[in-house]
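Listed in Swiss-Prot:
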- C131: active site, nucleophile (ACT_SITE)
- D356: active site (ACT_SITE)
- H358: active site (ACT_SITE)
- 1-29: compositional bias 'Polar residues' (COMPBIAS)
- 171-182: compositional bias 'Low complexity' (COMPBIAS)
- 1-41: region 'Disordered' (REGION)
- 169-191: region 'Disordered' (REGION)
- 436-469: region 'Disordered' (REGION)
Amino acid sequence: MNSVSPLATQYGSPKGSQQMENRSTQSGGHEQRKMGHQDATLDGEADEVDKLKSKLLSAWNNVKYGWSVKMKTTFSRSAPVYLLGERYFFRLDDEIERFQKDFVSRVWLTYRRDFPALEGTALTTDCGWGCMIRSGQMLLAQGLLLHLLSREWTWSEALYRHFVEMEPIRSSSPPSMPLSSLATGHSAGDYQPHTQCSGAPHGDQVHRNIMRWFSDHPGSPFGLHQLVTLGSIFGKKAGDWYGPSIVAHIIKKAIETSSEVPELSVYVSQDCTVYKADIEQLFAGDVPHAETSRGAGKAVIILVPVRLGGETFNPVYKHCLKEFLRMPSCLGIIGGKPKHSLYFIGYQDNYLLYLDPHYCQPYIDTSKNDFPLESFHCNSPRKISITRMDPSCTFAFYAKNSEDFGKLCDHLMKVLHSPRAEEKYPIFSISEGQAQEYAEGPQSSSHPPVCRKKGPLVKRPSSDEFEFL
């Protein structure tokens, strides 16, 4: 009798063939699941390593910068303090309280941790690389507050926050010294008390909405996720260093692609020149690009990237810089000391007041109606000598309409060509015409032009060299 093997029997009948196929499929599926499980395990381990690195970096960062949040800042009683166009005399007790309320009301955006991972990465924190983006966010937030509310608006909770105690230096001047001697260029007769808004419910709601727009979530129009995505247009990605000029162009793109503020446009100057006709087009809504022509830009944020020296800050620009910060239309300056971005909002004597984005805070879920606002406001003013400022920076101004822009240009021309200015050539120029046509894109915009000034050539470090690491 002929013997028949089981294998032959299986292949000799459709039923046997099907059973073999099922076993093979089950075996292959098992191997695939095993390999998939191993890959998932490796991915999970890599994610855990990245999270651990982020936590260690955040912890070290807060050890390095956290102590400065609680430090006392010394202010002089004999010199006025300027904060984004507002002037305060610390010889007057009520002025100190007004300054505190004004300062705390400025939006403070810092490193965050444990937010949803940035697209295409495992990064859940910007600690160590996102400081210039945060400075740009603070500048834009100030522009939105000015656009949607007013410069007089203050946060209703500002005075209820614990304000870090300052140590004003006692003035050696006699107590009877008139106010006219406390501020250069101002007399006691033209001094007017500051008018502060009482923090109406409408203002507080607008303020809360603005904070939502900057949330570290993919759906936020001005959040870190969106700005990093827009940065790819200019050759930047998450984890890269961003300079003040690149961030200016990212802010412009963020406003162009958003629907939250259709009556606001952003202009970035070319070759350190502000072209008035181009800005007038924005006021009229006559913009050749469809994405910027929505809703007739009735207000404009003007960003002017500049370089104030070679490898270090040139002190001849000190006068103009301080004069800009005295202007009510000034939105501040993004820049910083070398490899360390800061947002400058005022000055006293030869020291700049700033907000520091380097303190790392936990992610805040702004989808909740009553999300906490405290971490978006700083209660400790900091100062830095003007001479320590990095020469690469971006100035920002706001004009609500064409008439306002005309006044701004007149003021800027007086400052730029002031007899008190030590620099023969102005920081930037204002032209009546239009900029020549140029192709927008990564190649032309990722490396914005630097100012062309007469004089010997100086080796200049990259404007993107801003970070503390």
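Cβ coordinates are placed from backbone N, Cα and C, and glycine is handled just like the others.
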C-alpha of C131 (active site, nucleophile) to C-alpha of H358 (active site): distance in Å?
6
Counting across all protein chains, other CB atoms within 10 angstroms of the CB of H358 (active site) number 24
C-beta crowding around D356 (active site), within 10 angstroms
22
Reduced to three states, what secondary structure does DSSP give D356 (active site)?
coil
Within 10 Å of the Cβ of C131 (active site, nucleophile), how many other Cβ atoms are there?
26
